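Enquirer: Residues annotated as heme binding site in Swiss-Prot, with sequence analysis given as evidence: His273, His334. Among the features that Swiss-Prot reports, transmembrane segment is placed at 25-45, 111-131, 141-161, 176-196, 210-230, 269-289, 304-324, 326-346, with the record citing sequence analysis.
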Amino acid sequence: MAATSAQHIGLQGHGTSRNDRDRRLVRYWLYAVFAVLIAIVMVGGATRMTGSGLSITEWKPIHGVIPPLNHAEWVEEFEKYQQIPQYQQINKGMSLAEFQYIFWWEWAHRLLARFVGFLVAVPLGFFWLTGRLKGGLKYRMLGLLALGGLQGAIGWWMVASGLSELTSVSQYRLAIHLTTACVIITAVFYIARGLVTYSERPAERSIQRFAGWIVFAVLVQIYLGGLVAGLHAGLTYNTWPLMDGAIIPSDLFTQAPWWRNLFENPKTVQFVHRMFAYTVLLLAILHAVQVWKNAPGTTHARRTIVLVGLVFIQAMIGIATLLMSAPLHLGLTHQFFALVVLAFAVAHWRATKGAYAA
């Protein structure tokens, strides 16, 4: 039975002690990947908020690791940036030192992205060749590696949208890039938490499903947040709880066809992001009520209280960010806490499914 269960989760079953060691090693590896992914998203957020995302105008997956090393190379890189609309229309007259500041943000973001590829690929090869992975887990890891490669391509696709006509990247592509990163984070953390031994029985199926829907709702809200960021929609209505003195502002559907407002009208995008934040909080509360009714006093129930608290704190951070017109420190705090909420929701969802047998 133990060997069957071990194979079910994709770990080589050579007895409990070997299996436990392998499980622990793989879990710690995935935690390291998870931590670097969080760092990538946060540096990416800082890159966006400092207007640095278009500072590197070429995609060089290998040679791009090496930054300019002397004055002549810096001037050459700066001249490339001077050819794009963002410089010509917004940053004209920028000094070389100012360019270097935005360059380093984008370079660090890309360097971390390359590093996480090695952090996945090299240990994956080691675990695979030494028999520490088997079956499904192997292919899940290969899937993550492929998804990471796709994310790199999405990142360049996003940057390319701001190099010819726009002065910033497309909000559509920015939101997709951010959401894909969070899907990868979700998958990595879900698999890692699946390698933990839980002491409590799995929750009933309805609880598991609701927990999964909350993860999905958080991902949707992150996507909406990406649209807000891409359109600078956080600078439209800087009051709360009303927007322009109304619960529902009058200028939400000024573009035709109407659905374009949901993606291209900054006021509408902020409105939807606000309303969905309330929806996520309501879902978390309803889930807590469900679990306390059906599994009172359990660890599952206690986790739902923490989840509600985290969602509430994130809402308060969002309100503060809005009222202060999205300063860098609050914008990054809001983004980081979104990842905290997502990670806890994923951990809770995985835990409701119970322990993998050793």
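Residue numbers in this text run from 1 along the chain shown.
Backbone N, Cα and C define each Cβ position, glycine as well.
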Enquirer: When each of 141-161, 176-196, 269-289, 304-324, 326-346 is checked against the transmembrane segment (25-45) for Cβ pairs under 8 Å, which one has the most?
Expert: 176-196
Enquirer: Are there residues of the same chain, six or more positions away from His334 (heme binding site), whose CB falls under 8 angstroms from its CB, and which are they?
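Expert: In sequence order, the residues whose Cβ lies under 8 Å from that of His334 (heme binding site) (at least 6 apart) are Gly225, Gln314, Ile317, Gly318, Thr321.
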Enquirer: Please figure out which one of 111-131, 141-161, 176-196, 269-289 racks up the most CB pairs under 8 Å against the transmembrane segment (210-230).
Expert: 269-289
Enquirer: What is the number of other Cβ atoms found within 10 Å of the Cβ of His273 (heme binding site)?
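Expert: Around the Cβ of His273 (heme binding site), 21 other Cβ atoms lie within 10 Å.
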Enquirer: Give the nonlocal contacts of the transmembrane segment (269-289) in its own chain as ranges (CB under 8 Å, at least six residues past its ends).
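Expert: Residues packing against the transmembrane segment (269-289) from afar: 171, 207, 210-211, 213-214, 217-218, 220-221, 224-225, 227-228, 231, 233-234, 236-237, 243, 248-249, 252, 262-263, 301, 304-305, 307-308, 311-312, 314-315, 318.
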Enquirer: At a C-beta cut-off of under 8 Å, are there same-chain residues at least 6 beyond the transmembrane segment (141-161) that contact it? List them, or none.
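Expert: Apart from its flanks, the transmembrane segment (141-161) reaches 53-54, 56, 59, 61, 110, 113, 116-117, 120-121, 124, 133, 169-170, 173-174, 176-177, 180-181, 183-184, 187-188.
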Enquirer: Please give the sequence-distant neighbours of the transmembrane segment (326-346): residues at least 6 beyond its ends with Cβ less than 8 Å from one of its Cβ atoms.
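Expert: Counting only partners 6 or more residues beyond its ends, the transmembrane segment (326-346) has Cβ contacts under 8 Å with 34, 38, 41-42, 45-46, 49-50, 182, 185-186, 189-190, 193, 211, 214-215, 218-219, 221-222, 225, 234-235, 303, 306-307, 310-311, 313-314, 317-318, 320.
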